[in-house]
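Visitor: Grabbed the feature section from Swiss-Prot, which reads as follows:
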- 337, 397, 400: [4Fe-4S] cluster binding site (BINDING)
């Protein structure tokens, strides 16, 4: 019997196996940010240990940064965490993309754009959305702070091998429907626990037609389905994306030869399989307090079926059978490690070009990195957004989570391109609706959700 992509990635990194069936995996890349690392570094100091492979460790600042004025950090805890990361990176000789550095940005955006993320690697970070890097056929997953310390000290991690789930995507996406809608459809259909104990492998003709940034969106939210990780076999688009980046392999042709072996064999069998015809999908919007509480834009909100839904309706201030078009939007956030890359901003800019944000709506565009921001500004996208009434910000995690000044006031609704809509995720009492960049941009113009398929726009972005 053939091997799955998961098998090939896993077996390549086994250092040892213990009597309990756990495998000691070698870690090729450890990404670090300011929130989950302080205790890990302190643990090293208390044990008189050092970082085993600082050359395989890379740090950035993203969660706590105020994106309106990156140097005006007024929160004591945020400032302490940022200062601590600087000190730790200096002491342990770790590369750091600090505030103001041209490489700074959200950890799961800068990894791929710097060429740190390449096929075949094991990648970990003290952040649940590390699964993003699986779009490059890397086995990437989030870890806890104690595990961060273990990787810093040993460059290894004890893990139990997950099962393999195959998700086949067939057909062509309709206009106005994007990778974000695919993953929201999967969550709405199969729930937030479908992937528990699995690694999701996305494959099929739809995947091959996707660009790398769309694939990253899919893998980013595999964790929302309970999966350990999301992975995609590499192809020519993968190789072209990586080629020429700062940390890409020097002997690139040799690397591509090895990477080309990373695929699921034709006679391999998945432990679970799902098949989806994406040509039948529509734009999605979440209405509740977990990512599976989502509907097509042309559907009504559901009837209450259990206590969780009853609580969600009460928290969100919505009613069963209500139309998604009637949800009032006061805030729009285009950003996060899910949808803050150049193609995401281009789509949003195409929607709002020559139009105006609805009175009373606060709309933010937060590029995922300094590089994304620079490229967007070279294309004039910042002018398009600012003339429409959006705020153009500096890179950071921003309104994805309530850890910095970018928050949603209690009781108000936000159309967000982020990945989580839990109670209080964007601030105490905030009401979050997860959507694609196109849906978020359109909501900013109307002050409520609309079917972006009916909007007039194209992908040709220029500013004049």
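Glycine is no exception: its Cβ is also placed from the backbone N, Cα and C atoms.
Keep in mind that what you see is a predicted model, and the values were worked out from it rather than measured.
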Visitor: In the same chain, which residues outside the set 337, 397, 400 have their CB within 8 A of the centroid of the CB atoms that define the [4Fe-4S] cluster site?
Guide: 62, 63, 106, 129, 335, 336, 338, 340, 396, 398, 401, 418, 419
Visitor: Return the residues near residue 397 ([4Fe-4S] cluster binding site), defined as same-chain residues 6+ apart in sequence whose C-beta is under 8 angstroms from its C-beta, sorted by sequence, else 'none'.
Guide: 62, 63, 65, 106, 335, 336, 337, 403, 404
Visitor: Around residue 337 ([4Fe-4S] cluster binding site), how many other CB atoms lie within 10 A of its CB?
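Guide: Around residue 337 ([4Fe-4S] cluster binding site), other Cβ atoms within 10 Å: 28.
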Visitor: Could you list the residues of the same chain, at least six apart in sequence, whose Cβ is under 8 A from the Cβ of residue 400 ([4Fe-4S] cluster binding site)?
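Guide: Result: 333, 335, 336, 337, 416, 418, 419, 420, 425, 426.
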